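> Annotations per Swiss-Prot:
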BINDING   129-184  ATP binding site
BINDING   252, 265  Mg(2+) 1 binding site
BINDING   265, 267  Mg(2+) 2 binding site
DOMAIN    103-298  domain 'ATP-grasp'
């Protein structure tokens, strides 16, 4: 399609989520080509971003995951090159990649989040276990795909979970466990799509469950009552806007047994694999994967 020009699908990279990005990128590349788009794979771990200009690309479909591709670094470089790209800008990408600062912003805006504590080597781990109650989730602040996450179930295990998470990031958070159910809501442009309920066969929705297991159950529509579904979509859109997101993102949330919603995190470069959730939500609205890729590509911007 001439309207898009020559499109670079940025995929791979050198983060711990490289494998997932390559799977997502392969799907996007195939979909765009099937629609007549002059699309080409581009792995920034193999050549510099300056090659985008040198090779005559007109815009970028960013499907990199994790640090560099999703944390504002890439976005700043593309801005400097004057290269239009999909997804959030520099500020929103940087904030959303940082779970701690995301929580601070959402809390400041009055949006519901689980209780949490920032951990360091001097933390009173026993006191935090008592304060948050068990179980507790411990997470690196800037990793995605549940990498480095531990569910602490027994007293005295919090420090070890902190040490594990610190292998991936210097900033580590401990988060209150919310039972009841995990959900996600895709946002594209100004529209929040049908929520999805995630029912992992494993103890929680970890890396293997997200990308490789076939026994994770995804329910879309999620089965929420209409008024709760509307509330969830409204919160997802508010969360998206508070972070300054644009283009597309996916907002994850939890719901307790009483039906209260708690925002978890925002993913500004969602997966687009066969297991991924944004394509699933789009299908529920009658949007095929190939058309979804075009919808995302339509949001390219610079500045």
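Just so it is clear, glycine is given a Cβ too, placed from its N, Cα and C backbone atoms.
Can you tell me where each of these features sits in this structure?
Long-range neighbours of residue 136 (ATP binding site) (same chain, six or more residues apart, CB within less than 8 Å of its CB): 128, 129, 151, 152, 158, 161, 174, 175, 176, 177.
Its Cβ taken as reference, residue 252 (Mg(2+) 1 binding site) is surrounded by 19 other Cβ atoms within 10 Å in the chains shown.
According to DSSP, residue 267 (Mg(2+) 2 binding site) is assigned to a strand segment.
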> Please report how many Å separate the Cα atom of residue 267 (Mg(2+) 2 binding site) from that of residue 164 (ATP binding site), as a whole number.
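With the alpha carbons as reference points, the distance is 22 Å.
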> Of 150, 164, 171, 178, which is closest to residue 252 (Mg(2+) 1 binding site) if I measure between C-alpha atoms? They're all binding-site residues.
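Closest by Cα: 178.
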> Looking only at 129, 164, 265, the binding-site residues on record, which one has the least crowded Cβ, with the fewest other Cβ atoms within 10 Å?
164
> Could you round the CA separation between residue 150 (ATP binding site) and residue 265 (Mg(2+) 1 binding site) to a whole angstrom and send it over?
16
